Amino acid sequence: MEDDDEIQSIPSPGDSSLSPQAPPSPPILPTNDVTVAVVKKPQPGLSSQSPSMNALALVVHTPSVTGGGGSGNRNGRGGGGGSGGGGGGRDDCWSEEATKVLIEAWGDRFSEPGKGTLKQQHWKEVAEIVNKSRQCKYPKTDIQCKNRIDTVKKKYKQEKAKIASGDGPSKWVFFKKLESLIGGTTTFIASSKASEKAPMGGALGNSRSSMFKRQTKGNQIVQQQQEKRGSDSMRWHFRKRSASETESESDPEPEASPEESAESLPPLQPIQPLSFHMPKRLKVDKSGGGGSGVGDVARAILGFTEAYEKAETAKLKLMAELEKERMKFAKEMELQRMQFLKTQLEITQNNQEEEERSRQRGERRIVDDDDDRNGKNNGNVSS
């Protein structure tokens, strides 16, 4: 063996052109790969040849068995139960039994009232149920279960499209289960599309579509009439008369136009008349015979209206009296104001007259003084 190792470690430079080109060195393999080397003992006559002709190397890959979150080896093969970051695993990782368990667990939560769309907590519960069933080779995560359900839904839509195109019933094993879970929302759409696309005798398809339109429009008209009658019946009119005077016949039903009646009555399914009609006005019995609860409510409302009417009447009377008092007070105030103005005018006139008299007295005094002075001067001159 030592001679063999020496022969392998020293290649012949002269024979490098004659020997075939050595293959490139293999890449670094992971720890789970095993390399087996086989060395043949060289023959005496072929000692001058390259040792690469006698050395063979074989790489054996051992399967990497990991848990549910394995990331895969270096050769690009992902682990059996990936973490879900790469799309949640491939479809071939789900067996038929595992898919059945998944659909049942998902359907139980999907059909619960108020759920509709599952949250992350519900998907985790579904994943736990699938893992406990031990139908999967590797554990599944909530993201893988959600992606698998999306794939199953797409498959169901494809099968529905095939049925609508006339390929016959579906042979898919999970079709009936999904039809019971989510088939109610798509049955009407698929049937309408199939009736539009498939001719089915031409005139027959057109007559059915027109009949469906007439029936839909008729149902809308009936619904509007019911809403109108309901709103009219809630309008209660109370009067302050006796029971015999307050009784009145209900208004006749509005007659539909010929076009609406013809459209609202399809030939196959005629619209049934209403079973009862609520009166627009409530008949109030003041005798108090202890009837139904509606009569008690009506009597209570009637008493309330009478009390309210009395209060309003008293309020109007009080307001009229207050208005009279206000007008009387305003009249008195106006008279007092006029009296005050008259008094003020009299005082002003008196002051003016007093000033005039004082002015006249002053003028007279001045005249008298002048006369006295002139008389004295005349006496002195004559003397």
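Every residue, even glycine, has its Cβ placed from backbone N, Cα and C.
Residues or ranges marked as region 'Disordered' by Swiss-Prot: 1-32 (among others).
According to Swiss-Prot, the feature region 'Disordered' maps to 61-94 (among others).
The compositional bias 'Gly residues' annotation in Swiss-Prot covers 66-88.
What Swiss-Prot records for 94-153 is domain 'Myb-like'.
If you look up Swiss-Prot, you'll see 189-295 (among others) marked as region 'Disordered'.
Feature annotation from Swiss-Prot assigns compositional bias 'Polar residues' to 206-225.
Look at Swiss-Prot and you will find 226-235 (among others) tagged as compositional bias 'Basic and acidic residues'.
Taken from Swiss-Prot, the feature motif 'Bipartite nuclear localization signal' applies to 228-241. Averaged over the motif 'Bipartite nuclear localization signal' (228-241), the predicted model reaches a pLDDT of 49.
Marked as compositional bias 'Acidic residues' by Swiss-Prot: 246-262.
What Swiss-Prot records for 263-274 is compositional bias 'Low complexity'.
According to Swiss-Prot, the coiled coil annotation covers 304-365.
Under the heading region 'Disordered', Swiss-Prot lists 346-383 (among others).
Annotated compositional bias 'Basic and acidic residues' per Swiss-Prot: 356-367 (among others), in sequence order.
Residue counts of the region 'Disordered' (346-383) by helix, strand and coil are 37 helix, 0 strand, 1 coil (DSSP-based).
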